[in-house]
Amino acid sequence: MYADAGDHSILVLLDLSAAFDTVDHVTLVDMLRVCFSSPPTSNRTFAVVMNNFVSSHASLSSGVPQSSILGPILFSLYMLPLGHIIRQFRVEPPKDRTFVRLQRRHINVPLYSILSTITILGMLMAGAFLFFNIKNRNHRLIKMSSPYMNNLIILGGLLSYASIFLFGLDGGFVSDKEFETLCTVRTWILIVGYTTAFGAMFAKTWRVHAIFKNVKMKKKIIKDQKLLIIVGGMLLIDLCILICWQIVDPLKRTVEEYSLEVSGS
């Protein structure tokens, strides 16, 4: 039964005719206690009963006589827990060949936790900046800096931060089937977030360049709607590339085998 389950099996061969013959019971009990187990026959006593007389109880300190019918019974009582003791304390027979155990390499959980904590702090800071920018959008200095573009920069940063959580998830957190979808989603989020933040900064820089390029210093107004069109155009180009990529050559999960390493266990 244990062999079918893949557990280790031990075959003990012993002459039952002399089992426990002249074996000191206390010594046997003490030896079993060394193995962190107390046999069912420990703390046994005996008494002599004759007619109505019953002697006082005394400790049983010796084995059973030779050829006693109790020999096989006691042998079974002592040997049955042996397999459980071996499995409990992971005692294995010596290996007679080289065992190759394949296991996946996962992202270090403490490192992922540290990076996730830093990412959360960054997202909280970005959220505070977003709240400040929206609340003071009518302030003169904030209004001159294009608050809508500032909001897009912050939103792009939040999307990029969110992709860090997804890039830290591997086969230890999601199934193989979900991993391919996860790869696609986290790539899209990172690209869209980067393009949103960079596009907004590029649009603001372009407006400053367009204003100061005018050597005649004529009053030139470039509204935020035009800057939003620039950012939207960049996002549209990204989406076209991502969709074509997903159709022609979608991301797939592959298993890469590394060289064998010697384990200390």
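Note: Cβ is positioned from N, Cα and C throughout, glycine not excepted.
Marked as domain 'Reverse transcriptase' by TrEMBL: 1-166. Looking only at the domain 'Reverse transcriptase' (1-166), the predicted model's pLDDT averages out at 72.
Here TrEMBL flags 109-132 (among others) as transmembrane segment. Beyond the ends of the transmembrane segment (109-132), by six or more residues, the same chain brings 151, 154-155, 157-158, 161-162, 164-165, 168 to within a C-beta distance below 8 angstroms of the stretch.
The domain 'G-protein coupled receptors family 3 profile' annotation in TrEMBL covers 111-250.
Using a Cβ-Cβ cut-off under 8 Å and counting only residues 6 or more beyond its ends in the same chain, the transmembrane segment (152-173) has close neighbours at 104, 106-107, 112, 115-116, 119, 122-123, 126-127, 129-130, 133, 179, 182, 185-186, 189-190, 192-201, 231. The transmembrane segment annotation in TrEMBL covers 152-173 (among others).
Annotation comment: TrEMBL describes 185-206 (among others) as transmembrane segment. Residues 145-146, 149-150, 152-163, 166-167, 227-228, 230-231, 234-235, 238-239, 242, 251 of the same chain lie 6 or more positions beyond the ends of the transmembrane segment (185-206) yet place their CB under 8 Å from a CB of it.
For the transmembrane segment (227-248), the residues of the chain that approach it from at least six positions outside its boundaries are 146, 148-149, 152, 184, 187-188, 191-192, 195-196, 198-200, 202-204, 206-207, judged by C-beta separation under 8 angstroms. Taken from TrEMBL, the feature transmembrane segment covers 227-248 (among others).
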